[in-house]
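Positions annotated as GTP binding site by TrEMBL: 27, 28, 29, 30, 31, 32, 33, 34, 73. Taken from TrEMBL, the feature Mg(2+) binding site applies to 34, 51.
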């Protein structure tokens, strides 16, 4: 009896490893990249400082671990983003849905460049329209139309999700949907 109990408790072996996916997270300065990633990691977003170069966070989920390489969004840093794309399996693009027209146009241009980039154009994209809790926030439909996502990203796998720091459940759900796209891409690659 003791042997069976011991065997049941100790001899099962380690749980199966969760798959890990390497993501790149881009967006303009102030779009909310660092704050949103901090919330996903259950860190306090109160003392968040904008990323000036890049940072990497391992974001654990029940069925996967996302290694997110967040790139700073300042003008002088954006020109180097492409140097960090290699090895990425997915893209998180964060835009401030309550930003000025000028910043929104810059974000649109950067997203279009990312969607067309040879190292990213076949990858799943999660596009987060942040700051939805602000009065000037644009809806997901307005963002989709302004960013011309339907014609530009036709055939690509992408998710557009409105979000705010106050709604962590919706944020986690959008990343879970991205994990599903990453798993589908893995399954397709295994079949080839």
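Here the Cβ of each residue, glycine as well, is placed from N, Cα and C on the backbone.
Note that the structure is predicted; figures quoted are calculated from it, not measured.
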Give me the non-local Cβ neighbours of residue 73 (GTP binding site): same chain, 6+ apart in sequence, Cβ-Cβ under 8 Å, ordered along the sequence.
26, 27, 28, 29, 30, 31, 33, 50, 51
Using a 10 Å cut-off, grab the number of neighbouring Cβ atoms around the Cβ of residue 34 (Mg(2+) binding site), all chains included.
24
Taking 8 Å from the centroid of the Cβ atoms of 27, 28, 29, 30, 31, 32, 33, 34, 73 as the cut-off, which other residues in that chain fall inside it around the GTP site?
50, 94, 96
Using all protein chains shown, find which of the binding-site residues 29, 31, 51 scores highest when you count other CB atoms within 10 A of its CB.
31
Have a look around residue 33 (GTP binding site) and count the other CB atoms within 10 A of its CB, chains all included.
28
What is the number of other Cβ atoms found within 10 Å of the Cβ of residue 27 (GTP binding site)?
27
